[in-house]
Amino acid sequence: MTKSKETGWNLDNSYARLPGLFFSSTNPTPVRSPKLVILNNKLAESLGLNVQALQSEDGAAVFAGNEIPEGASPLAQAYGGHQFGHFNMLGDGRAVLLSEQITPRDERVDIQLKGSGRTPYSRGGDGRAALGPMLREYIISEAMYALGIPTTRSLAVVTTGELVIRETKLPGAILTRVAASHLRVGTFQYVAQWGTARELRILADYALHRHFPEVEAGENQYLSLLQEVVKRQAELIAKWQLVGFIHGVMNTDNMTISGETIDYGPCAFMDTYDPATVFSSIDIQGRYAYGNQPVIGGWNLARFAEALLPLLHDDEEQAVELAQDKISDFTKLYHSNWVAGMRAKLGIFNEEAEDEALIKELLSVMKKHRADYTNTFRALTFDTLEDTALLGTPEFTEWHERWQTRLGRQQESKDSSNQLMRNSNPALIPRNHRVEEALEAAVEQGDYSVMERLLEMLSNPYAHSAEQAEYSTLPASTIPYRTFCGT
Ligand code: AMP
Ligand code: MG
C-alpha cells in the first residue's frame, strides 16, 4: 500500500496522457536492498514532501523504484539527439519518469528515477547507474542551484545493494532528479522525425502550456516557443560561462526546453582560465570545450528550429526565414547577457562602449599567466591580488589602472560596486579535487560527512565566509583533470 498522505506525494502524470509515440509505460526494476544515503531536506519540503516519512523504509522504497506511489504512472520518454553532431534515436535508457509532483505552490515538476533499470530504449545498456556518478550529479547540480543557475535538482540518492559492471564492479545507485520537465531539443527532433504533424503540434502545445503559458495564446505561438527557448538558453549558457562551468556533453538530447541545465555527466568547473579547456575523456576534438559552449548552444537551437519548421509557416521558405531570424537572436542575446554578467563581476553598473574591450583584455592577461578563473575574480573583489599569478606583471598593472579609472566613471560608490562584485563572484565552486575527495569518502568508506560539509559550503557561494576559504584552494596535482560519462 502506498502512503501518499504521509509522504506528501501529490502526483499527476500529464506526460502519460500524450500520444503513445512519445513514451513507453515502464516500471522501474526493483532492487535488492535499497538504502537512502542522501536526502535533500530543503528541496523535499519545498515540494510538499514529508522528510521524516521519506526517510522511512517506505520512503526509500519509492526512491529505489521498489514501490510506486499512488497516482504515479511511470514511463520512459522517447527522444532523439545529435550526439557529437550525429543524429541518433535515444530515449530514457536508464531512467523513468515516475510522475509529476504538484507542489504546494501549484508548480508541476517531474520526478525522475535515474538508474532505475532497463527500458525499451536501453539498447545494449544495463539501465543502471553507479553510486559515484549519481553523487557527483547531486553535488554539482545543487552547487549550480546555489550559484543561481537554472538546473534540474537532486532530491535523493539510494544505493541498491547491487553491483554494476563498468571497467570494474561498482556499487549501484539511483538518483531522484527533479526537473521543470524533461522536454529536450531531442524530444522535438524525435517527434519531427518519426511523428505526424499533429503529434508535433501536440508536443509544442504541451511545451507552451507547461513552460511558456504567457505566449501560448499569442499569434504564431510556435515562433514564440522558439524565441522563448532561445532566450532561456542564451541566459543559461551565459551563466555557465560566467562561473566557468563546462557541461561536457552538450548533445541536443541534453538541452532542455525549460532552460534548465540537465545531465551532469562529464561536467566540471574550470580552474585555470583557458577557453580550450575540456575535461571529458571522450571529447577528443574539444567540440564541447569551455569556449565553444555558446557556439554549440546556437547549433543545438538551430536543430530545435528545424524540428519546429512545419509549425512555423505553411510555406517552407518562409518558415526557414522566420526560424533563422530567431536563431540569429541567440548570438546577440547570449552576448548581451554575458557582457552584463561580466560588468557585474567587475563591479560596473553603467554601460560604456569600451567595457567589452576591458573585459577581454583581463581574460587575455589571465590566459597568458594561467590565472585561476574563480580566484582571480575573488581576488579582484577583496583586493587580495597577491594570491594571483597576475600581480606584478606589467599587463595586469596596466589593466588594473584602466579598471580603476573605469570604476571612477560611474556614480555608484566604491562600496556598492564592491557589494555587486561580492554578489557576482562566488567564494567557491565545486573544485574537482574537493568533489573527488567527497566521492571517495562516500563510495569507498560509506562516510558521507565529507560530502555533507562540501554541500554546506557550496550552498551559499556568495557568503564569502572564513570557512569557505579552504575550499577555494587549488589542487596540489598538476595532472589535467579528466571526467567520464559515468554510464
Ligand atoms: P547521456 O550520455 O547520459 O545523455 O545518455 C545518452 C543515452 O544513453 C540516453 O539515451 C541514456 O538513457 C542512455 N544510457 C546511458 N547509460 C545507460 C545505461 N547504463 N543503460 C541504458 N541506457 C543508458
Ligand atoms: Mg542525456
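Cβ from N, Cα, C; glycine included.
According to TrEMBL, the residue from ASP12, ASP263, ASP271 that belongs to the ATP site alongside GLY91, GLY93, ARG94, LYS114, ASP126, GLY127, ARG177, ARG184 is ASP263. Put simply, ASP126 (ATP binding site) is 20 Å from ASP253 (active site, proton acceptor) when counted between their Cα atoms. Fewest Cβ neighbours within 10 Å among the binding-site residues ASP126, ASP263: this applies to ASP126. Shown in sequence order, SER24, ALA76, GLN77, ALA78, TYR79, THR119, PRO120, TYR121, TYR190 are the residues of the chain, 6+ apart in sequence, with a C-beta less than 8 angstroms from the C-beta of GLY91 (ATP binding site).
Annotation for the binding-site residues ARG94, ARG177: lowest Cβ count within 10 Å of the residue's own Cβ, ARG94. For the pair ASN254 (Mg(2+) binding site) and ARG177 (ATP binding site), the C-alpha distance works out to 14 angstrom.
ASP253, ASN254, ASP263 are the recorded positions among GLY91, ASP253, ASN254, ASP263 whose C-beta comes within less than 6 Å of an atom of ligand 2, given in sequence order. Across the residues the record lists as binding ATP (GLY91, GLY93, ARG94, LYS114, ASP126, GLY127, ARG177, ARG184, ASP263), the two Cα atoms farthest apart are 23 Å from each other.
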